[in-house]
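Remarks on the structure that follows.
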Amino acid sequence: MTITLYNTLTRQKETFVPLEEGKVKMYVCGPTVYNYIHIGNARPAIVYDTVRNYLEYKGYDVQYVSNFTDVDDKLIKAANELGEDVPTISERFIKAYFEDVGALGCRKADLHPRVMENMDAIIEFVDQLVKKGYAYESEGDVYFKTRAFEGYGKLSQQSIDELRSGARIRVGEKKEDALDFALWKAAKEGEISWDSPWGKGRPGWHIECSAMVKKYLGDQIDIHAGGQDLTFPHHENEIAQSEALTGKTFAKYWLHNGYINIDNEKMSKSLGNFVLVHDIIKQHDPQLLRFFMLSVHYRHPINYSEELLENTKSAFSRLKTAYSNLQHRLNSSTNLTEDDDQWLEKVEEHRKAFEEEMDDDFNTANAISVLFDLAKHANYYLQKDHTADHVITAFIEMFDRIVSVLGFSLGEQELLDQEIEDLIEKRNEARRNRDFALSDQIRDQLKSMNIILEDTAQGTRWKRGE
């Protein structure tokens, strides 16, 4: 069965057909790294990591890029408050980000570009928009001419007239039209800045993603994803910038995950009700939070509370217990029983059911229901007077198959993603030191744990084998 996904651009489910057969170019908007991530940041990390896992499970070669915004107003404010420079703060919280999402079972992207490392590409992008007549300079600032782009508003499904009715030019802004948005901001005294054709300054938020997508993935990509709050203006503006420059469809499919509420109230820093991931995982198994997030369809809102997370723990434990019971019965059963084929068919039905749910817009909530049904049948099977090892093995392998996509583990023996990343870094260091014996040893160790490595020009990529 083919994958169908809900495309925000068309507001309907569509059959997934990548631009190039067998390959997927995927970009996910990453965090602004001025603080530890909260659970609202964790949701897209978990959701799109799972989407990537499933695309790979289906045989696609996925090129996955997710950025860091390592310079903007929030970072500058944090730097001033802490008496540190912007690069120091961003580096600290990038490291913390990897620790937090690694604990949640998220693999690193193939590339994690940062704004400060791609300033030349950003400036070049802005310069080309100016030369094509889609942008203009005003006293050191550069603005995008929103009305010059005919398709503006197509992602958020708003007309120019609707947008204009609520737009205002704030005091100090030097733009020609209230709908125009900043591509480049002139430097302010004491702020971090870069040289450009328009004087010292720094980029606007929206241009950063457009420039990095173009640099690392090209003019067109298959999937662009992020939180629902990014639909407008961020993703709308990305489309305008990129399509104005290239004349091509920027992204074929747009995926957006829903909001997170805290105790039935929208999470916001102004209300002081946001919850940091590193606080949660001090008290709970990090995999529990991932399981909790995936128990709701990615487009639906999630209501989070400590009570709900605690309630989820008992459900997660039931899966782990079923899996553990299978492991303990292995090698203590007979070789053949008379109804083996029926049970093997039952196990196979769960693979088909899992794929059917995931093919339908990555419905992890229903996919987890398939896991519980698998656990129920495993428990029934283990209650038999006589069991067969090859049937128990089939149950175990089906559990492993499903949870390898969902990204959590039911057994203690499986390596966490962060442990895999650490081993890969140790192997990379061995290769840099020309210690090929150690490098091969680590590769073989990972292979024995069903971890497949691929060395590319962009670095080492890995996936769990089927």
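Start at 1 and count along the chain as shown; that gives each residue its number.
Using N, Cα and C of the backbone, Cβ positions are placed for all residues, glycine too.
Other Cβ atoms within 10 Å of the Cβ of Glu238 (Zn(2+) binding site) number 27 in total over all chains. Feature annotation from Swiss-Prot assigns Zn(2+) binding site to Cys29, Cys209, His234, Glu238; the stated evidence is similarity to another entry.
In the motif ''HIGH' region' (31-41), the DSSP tally of helix, strand and coil residues is 3 helix, 2 strand, 6 coil. Here Swiss-Prot flags 31-41 as motif ''HIGH' region'.
The feature motif ''KMSKS' region' is assigned by Swiss-Prot to 266-270.
Per Swiss-Prot, ATP binding site is recorded for Lys269.
Per Swiss-Prot, phosphoserine is recorded for Ser270.
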- Query: For the binding-site residues Cys29, Cys209, which one has the sparsest Cβ surroundings, going by other Cβ atoms within 10 Å?
  - Reply: Cys29
- Note on the structure: Near Zn(2+): residues not in Cys29, Cys209, His234, Glu238 with Cβ within 8 Å of the site Cβ centroid are Trp205, His206, Glu208, Ser210, His224, Gly226, Leu230, His235, Asn237
- Find the average pLDDT over the motif ''HIGH' region' (31-41) in the predicted model and report it. 95
